[in-house]
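Undergrad: Grabbed the feature section from TrEMBL, which reads as follows:
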ACT_SITE  213  active site, proton donor
BINDING   25, 27, 210, 302  Zn(2+) binding site
BINDING   27, 29, 183  substrate binding site
DOMAIN    20-356  domain 'Adenosine deaminase'
SITE      234  site 'Important for catalytic activity'
Ligand SMILES: O=c1[nH]cnc2c1ncn2[C@H]1C[C@H](O)[C@@H](CO)O1
Ligand SMILES: [Zn+2]
């Protein structure tokens with residue numbers, strides 16, 4: 001064989017860094033720069049558990065590394081506390097997008113819970129406007145290198161989901177692409193918020209639901225078959241409905257078959273799952289099986305600060321653990337772009353004009 005063009009290319013770290021990437025599941029309050037947390041905390045007299053950027057970064061990563069989603073979530077008190085004014089929200093949003101651009105992300109859906117940012121008197125609309133301002137500043141500075149949308153999250157243990165769903169609809173032509181629920185999963189099933197999901201369906205709105213992370217199949221089933229979720233936040237526990245026999249034969253249960261047949265996007269977040277105990281290591285993460293079975297897998301960061309991660313780190317870890325090639329990374333990226341809550345023509349434009357040429361240029365370099 002003389003041609004090398006079709007040989008699989010295992011990308012170098014530099015190629016992963018430069019590859020166009022798409023993130024659908026990235027929390028605004030989970031991706032602050034440690035130095036910014038320190039500065040903003042000083043301004044509002046919020047006491048932090050560490051006093052240098054390095055030690056604070058380490059504190060977040062270590063505290064989040066607990067094996068429990070509930071304890072992982074406790075660390076957010078320190079980021080949410082410093083995101084209570086319009087200037088702070090705008091700064092955090094601007095830096096967040098600057099960091100995405102530096103990470104090679106070309107399209108991002110960034111989520112946060114507006115109801116958590118009203119402690120100092122901001123209205124929900126003011127919160128969304130402040131975040132929009134920061135995103136717009138960074139997107140304009142990046143000169144077309146990235147497209148960013150907000151997802152508005154409601155906290156599943158609270159009772160404001162209807163209000164937040166209405167907020168998402170009110171802002172849908174001003175940078176908000178959809179809705180989500182997040183927070184502790186066990187004990188707070190998605191059906192608790194059925195009225196919000198039914199409202200969004202009547203409004204032709206889009207939503208994803210954190211489901212199948214800390215709790216298993218019933219949560220995924222409710223999210224899809226009761227609530228009508230367009231995507232699953234994590235959804236990793238769908239593997240509980242997949243049987244792999246010793247001889248390698250794979251049998252899908254009815255729910256797993258539905259998820260695969262209907263191409264339900266899975267917003268997988270490998271590093272976060274290892275921290276919360278949803279997976280024991282990257283190498284043992286169900287993403288390997290789900291990718292092999294051609295589920296609609298997407299790769300995401302969840303919380304870059306708590307999980308000490310980035311899209312480049314997530315993809316590099318997957319390349320190291322599973323030997324994924326440039327074609328595999330392109331497949332994850334196109335899966336994500338196809339699953340975005342952006343109009344069809346805009347999705348196609350990014351796929352055809354940014355993602356495909358970007359990967360082609362890397363492939364032309366060889367490994
Ligand atoms: O992975 C997660 N599962 C459930 N809830 C989460 C996860 N990551 C962040 N959150 C919560 C904590 C944040 O304060 C909230 C809104 O971004 O969403
Ligand atoms: Zn999440």
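For all residues, glycine too, the Cβ spot is worked out from N, Cα and C.
Have a look at these and tell me how they're positioned relative to everything else.
TA: Counting every protein chain shown, the number of other Cβ atoms lying within 10 Å of the Cβ of residue 213 (active site, proton donor) is 26.
Reduced to three states, the DSSP call for residue 210 (Zn(2+) binding site) is strand. Around the Cβ of residue 210 (Zn(2+) binding site), a 10 Å sphere holds 29 further Cβ atoms from the protein chains shown.
A sphere of 10 angstroms centred on the C-beta of residue 183 (substrate binding site) encloses 18 other C-beta atoms.
A simple way to gauge crowding: the CB of residue 234 (site 'Important for catalytic activity') has 28 other CB atoms within 10 angstroms, across all the protein chains here.
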Undergrad: Mind running the recorded positions 29, 183, 213, 234, 302 against ligand 2 and keeping the ones whose CB falls under 6 Å of it?
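TA: Listed by sequence, the hits are 302.
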Undergrad: Tell me, roughly as an integer, the mean pLDDT over the domain 'Adenosine deaminase' (20-356).
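TA: Within the domain 'Adenosine deaminase' (20-356), the model's average pLDDT equals 97.
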Undergrad: Can you list, in sequence order, the residues of the same chain other than 25, 27, 210, 302 whose CB lies within 8 Å of the CB centroid of the Zn(2+) site?
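TA: Along the chain, the qualifying residues are 26, 30, 111, 180, 182, 233, 234, 267, 269, 272, 300, 303.
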Undergrad: Other residues near the substrate site, CB within 8 A of the CB centroid of 27, 29, 183?
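TA: Filtered neighbour residues, in order: 28, 30, 73, 76, 80, 111, 112, 113, 116, 153, 182, 303.
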Undergrad: Under 6 Å from ligand 1 by Cβ, which binding-site residues from 25, 27, 210?
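TA: With ligand 1 as the reference and 6 Å as the Cβ limit, the list reads 27, 210.
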Undergrad: Out of 25, 27, give me whichever of these binding-site residues has the highest number of other Cβ atoms within 10 Å.
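TA: Highest number of other Cβ atoms within 10 Å: 25.
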Undergrad: If you measure every Cα to Cα distance among 27, 29, 183, the residues said to bind substrate, what is the biggest one in Å?
TA: 13
